[in-house]
Amino acid sequence: MDLWQLLLTLAVAGSGNAVSGSEATPAILGRASQSLQRVNPGPGTNPSGKPQFTKCRSPELETFSCHWTEGVHHGVKNPGSIQLFYIRRSTQEWTPEWKECPDYVSAGENSCYFNSSYTSIWIPYCIKLTSNGDTVDQKCFSVEEIVQPDPPIGLNWTLLNISLTGIHADIQVRWEPPPNADVQKGWIVLEYELQYKEVNESQWKMMDPVLSTSVPVYSLRLDKEYEVRVRSRQRNSEKYGEFSEVLYVALPQMSPFACEEDFQFPWFLIIIFGIFGLTMILFLFIFSKQQRIKMLILPPVPVPKIKGIDSDLLKEGKLEEVSTILAIHDNYKPEFYNDDSWVEFIELDIDDPDEKTEGSDTDRLLSNDHEKSLNILGAKDDDSGRTSCYEPDILETDFNASDVCDGTSEVAQPQRLKGEIDLLCLDQKNQSNSPSTDTAPNTQQPGVILAKENKPRPLLISGTESTHQAAHPQLSNPSSLANIDFYAQVSDITPAGSVVLSPGQKNKAGIAPCDMPPEVVSLCQANFIMDNAYFCEADAKKCITVAPHVEAESRGEPSFNQEDIYITTESLTTVAGQPGTAERAPSSEIPVPDYTSIHIVQSPRGLVLNATALPLPDKEFLSSCGYVSTDQLNKIMP
């Protein structure tokens, strides 16, 4: 429908001016141009078989040319059969007439060339094709819209560098702009596009457009040959011109061998596997040394442990075995002298020569004059010639906790005062009966001094003598025994052969010493002043011999009725029936050593003493001394 309308419009215009080419008004030309662009907007196929515009181009924005095709229905070529007419608008008005093409030869066959005299930029043009006076095709455009530059010329390349592997190389491609384009003066601005490919490939690789006339091409293989071409376009335009001639690039072979494939060192994989391997090695090291690393970072808390003691004994509650082990080692022995601080040590005065004639060493040791001395514990004794000091080589003992604990001095004070009163009473009676006491044999008293407490404290007497030899040092001054307690009850016998003595209890048998006859008191009081004690058989014989007149009274009223007494004897009744044997007892009495060597300060007034070595008696005097109980002693005493 539009085509018929166009033909009708052209027919009306042709009838108005048939000779001059039918000058049309601008309004009619504008409508015809719009109709032509809607019908045939650009070059393409010609389905109707009539002549048609193929393209219009300006290579440098100064001239342009248009090309068309012949119709298929024209069997005979007639130079004057197809004509091109154009019209342009100047000063906002269209020219009133159509003008024919100025040059049909310069641009080639079926073309019209417009030189610079007929070319104006920024001004629209309209062209039409006529055949035998009929318009067959029409087109309107502006010169800057149809610019398609000529191909660049003078392509060449330059080698930039070769890779270290000798496989790839970089080149620089250069060219010259089209010769007819006034690029130097800036009349036209061109953009260039470079394309390259390997010779045997069909797909071109395009690079980004550039404004310069040179561009680098990277990573070309040395063993390949490449084709390079360049084309251009006006800046901000979408239509490129023709491609330049193909440039062949043949890179020199620098490597001694031809590589078929590019060798890329797998640095990334090596780094990944290296990190993974190091991590695994670190984990294996930590796993194998985890206990040692744990001890270095978090050292274990040391378990409380006593050297030489098995911890299983403490867990099982075997405290007796632990105490035995502690008693064996000198470092863990209990310090018996730390409970009461009012007696620190015993001072032996070696400067006073008069004391040598006053009595034995035991008398001076047990006297009250040196009870609170402060120094010279280890001074050399004048009589014995030995050093009286603490010797750590004490025999191994087994003390319980109850044997070590000391009672308070306040509790022991009344009992001590009572003992002093009894001893004073005994001393008075001895003085009143001096004739009888002078003839009596020397009495023997225990030589161990300890503080009297609430409960009995065992005393260990260590020495090389056997357990059947009792320690009875001789006392020349009976009045020095006023403030001492005698330990005569054996509470235990250690495996080493030492006896542990406990203090006896005074005046618990129900007999007052002051009421006894003076003869008995003077002779037997020193030996039997304590109940709960062991008594030597020889001492019992002395008492029986000296005091026969009180035998019936002693049997009628027993003086030792204390319970819980463990007394041992071999043949006490036999001795009682043989008075002759009792008479010979004093003559067979063995010498008693003095205990002047201190082993342990066990309590405030308790000492562990060593017996002074004495010459061995004859074999006939080495009979053992039997121990008798108080009940048996009462039976045999007169």
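Heads up, the Cβ atoms here are built off N, Cα and C, so glycines get one too.
The feature compositional bias 'Polar residues' is assigned by Swiss-Prot to 429-446. Swiss-Prot lists Cys56-Cys66, Cys101-Cys112, Cys126-Cys140 with the feature disulfide bond. The domain 'Fibronectin type-III' annotation in Swiss-Prot covers 151-254 and rests on sequence analysis. Here Swiss-Prot flags Asn115, Asn156, Asn161, Asn200 as N-linked glycosylation site. Feature annotation from Swiss-Prot assigns region 'Required for JAK2 binding' to 294-379; the stated evidence is similarity to another entry. Here Swiss-Prot flags 429-448 as region 'Disordered'. Look at Swiss-Prot and you will find 297-305 tagged as motif 'Box 1 motif'. Per Swiss-Prot, the feature motif 'UbE motif' maps to 340-349; the stated evidence is similarity to another entry.
Positions of Swiss-Prot features highlighted on the structure.
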| residue | record | Cβ contacts under 8 Å, 6 or more apart |
| --- | --- | --- |
| Cys56 | disulfide bond | Phe64, Ser65, Cys66, His67, Ile127, Lys139, Phe141, Ile146 |
| Cys101 | disulfide bond | Gln83, Leu84, Phe85, Tyr86, Cys112, Tyr113 |
| Asn115 | N-linked glycosylation site | Thr63, Pro102, Asp103, Ser106 |
| Asn156 | N-linked glycosylation site | Val173, Arg174, Trp175, Leu247 |
| Asn161 | N-linked glycosylation site | Ala169, Asp170 |
| Asn200 | N-linked glycosylation site | none |
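Mean model confidence of the domain 'Fibronectin type-III' (151-254) amounts to 91 (pLDDT, 0 to 100 scale).
Within 10 Å of its Cβ, the residue among the disulfide-bonded residues Cys66, Cys112 with the fewest other Cβ atoms is Cys66. Around the Cβ of Cys140 (disulfide bond), the number of neighbouring Cβ atoms within 10 Å comes to 20. Counting residue by residue with DSSP, the domain 'Fibronectin type-III' (151-254) contains 0 helix, 54 strand, 50 coil.
Taken residue by residue with DSSP, Cys66 (disulfide bond) is part of a strand.
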